[in-house]
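S.K.: Take this structure first; my questions come after.
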Amino acid sequence: MASNSKKSMSSSKGFLATTASIAASAMLARSLYYEFVPEEVRKSMFSQIKIFHNLLSREFSMVIHDKEGLTTNNVYKASMTYLSSLVSHSTQRVRVKQFDDDKSLVISLDSGQKIIDVFEGIQFKWCLYCSRNNVTSKDSDGNLSFMLSNSYSLELSCKKEHKDKALDVYLPWIMNWWNNTKNQNTILKLFLNSYEDWSSVNLHHPATFDTIAMDPELKRTIIDDLSKFKKGKDYYKSIGKTWKRGYLLYGPPGTGKSSLVAAIANFLNYNIYDLDLAQVQGNLQLKGLLIEMTNKSVIVIEDIDCSIPIKNRDSKDSYSYRPKVTLSGLLNFVDGLWSSCSEERIIIFTTNYKEQLDPALLRAGRMDMHIYMGYCSPSMFRTLVFNYHHIEHHSLFEQIEALIKDLEITPATISEHLLRSDDVDVALQELLKFLQLSKQEALDKENEKNKKNAGKKDDKKKKKKEKKNVKNDSDTDDNNDDDDSDTDDDDDDF
Ligand SMILES: Nc1ncnc2c1ncn2[C@@H]1O[C@H](COP(=O)(O)OP(=O)(O)OP(=O)(O)O)[C@@H](O)[C@H]1O
């Protein structure tokens, strides 16, 4: 550990300066807090840290592991959340990890990286360590499989003379800070995978069920389904099912599938894990990513038809394809044993081509709801106008809606036109022109097609006629031949 720490010191210099100034500005608030640390917080805190007594060193240090068995250690959570609040002010790139049972954001530093926090004039050094452990698991057939899992620990150290301050004031202060901040509203996160890690950005997608344009009845059904799911902990337990739900969103591009995913996350107040299967090296890594995800999350795999080889399970061709993640690996991910290691999750697949998916993915019970996102209807148009211009009536609505009924226009295209001007009259005029033009183009195409078809029909008729004529000719010839032969015969007879 010591050599690791030394290595990382130099690389974190710029960051330390930022941290120090933040720490100084937080000082006043701290002194108000730490006097009110409840006794039970202090007691449970001491059970979660390991103190090291090194008689030869002039430093005091303690280690806080991320987990005790399967439960995440609260002191670790609090410390990491606190450190992340310091780090989030710096510009350095960090990886983000979130804890299982609450929404507190945690930024995990690179292993070995140090943070120095100055508290009441005392320097406290924090260092994060990561170790890889072998985890053994058994599948339903009793086969053993092994995988590597990361475990983290934080080391806190300071001069020996400040040991009491660290244990009696600094750590309890952090615990108290955490208890006070964790109930505040947090910003949702969008997690993206790169190989075996997740990184995140803030999710600021404004889509809600109010702004999604879709069939009102279908919208109500989805909202009811999600509400039932959210309150369903006991229900899922009573029926012996993992507390999760699967949705398949399908339809042409630009009909709002991604927007619906964001609306679902905003509705449930869940983070989104946007799983890119192309980044995953194999089924084992997929399991690893699954384990890293937290409860209360929406997992989305976009364009599932492009992500996984279609119908690859029985096909001999699958050997030549060699997919990184196989269909069976994905099915295990969706509802295999490993998927039950967490709860309160929504899994969403999106596709433009539902008919191309392997039936195994569509099987009843795997994806609980199949939701079709279609072309814009008049009622969807009204939702979009209201979103962008906050109006419910306009003299052009009737004309526009009549055209929308006749055309296959995506909500994305309508949105794009509505956004072209802040002036609703201008925007709707432009949209009307565009729709009229589209209608004209559609009519021209139709006419062209009809002409072609008519041409083909004429050709066919012509060919039929020609064939008939040829046949008639040959029949006549045959008859003539017959006549001839008769004559010949006659000749012979003669
Ligand atoms: N049903 C809808 N309701 C509201 N806005 C929509 C809808 N469909 C599309 N939009 C608008 O069009 C944009 C693109 O739509 P979105 O990305 O959600 O479509 P998609 O179906 O996921 O497309 P793709 O299949 O290409 O990923 C959105 O940002 C949104 O502004």
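Any Cβ shown, glycine's included, is placed from N, Cα and C.
Dumping what TrEMBL says about this protein:
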type: COMPBIAS; residues: 443-458; note: compositional bias 'Basic and acidic residues'
type: COMPBIAS; residues: 459-468; note: compositional bias 'Basic residues'
type: COMPBIAS; residues: 475-494; note: compositional bias 'Acidic residues'
type: DOMAIN; residues: 243-377; note: domain 'AAA+ ATPase'
type: REGION; residues: 443-494; note: region 'Disordered'
S.K.: Which residues of the chain, 6 or more past the ends of the compositional bias 'Basic and acidic residues' (443-458), have a CB below 8 A from one of its CBs?
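M.R.: Non-local partners: none at all.
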S.K.: What are the DSSP helix/strand/coil residue counts across the compositional bias 'Basic and acidic residues' (443-458)?
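M.R.: Across the compositional bias 'Basic and acidic residues' (443-458), DSSP assigns the residues as follows: 16 helix, 0 strand, 0 coil.
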S.K.: Count the residues of the domain 'AAA+ ATPase' (243-377) that DSSP assigns to helix (H, G, I), to strand (E, B) and to coil, and report the three numbers in that order.
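M.R.: Each residue of the domain 'AAA+ ATPase' (243-377) counted once, the result is 54 helix, 27 strand, 54 coil.
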S.K.: Summarise the compositional bias 'Basic residues' (459-468) as counts of helix, strand and coil residues per DSSP.
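M.R.: So the compositional bias 'Basic residues' (459-468) is made up of 10 helix, 0 strand, 0 coil.
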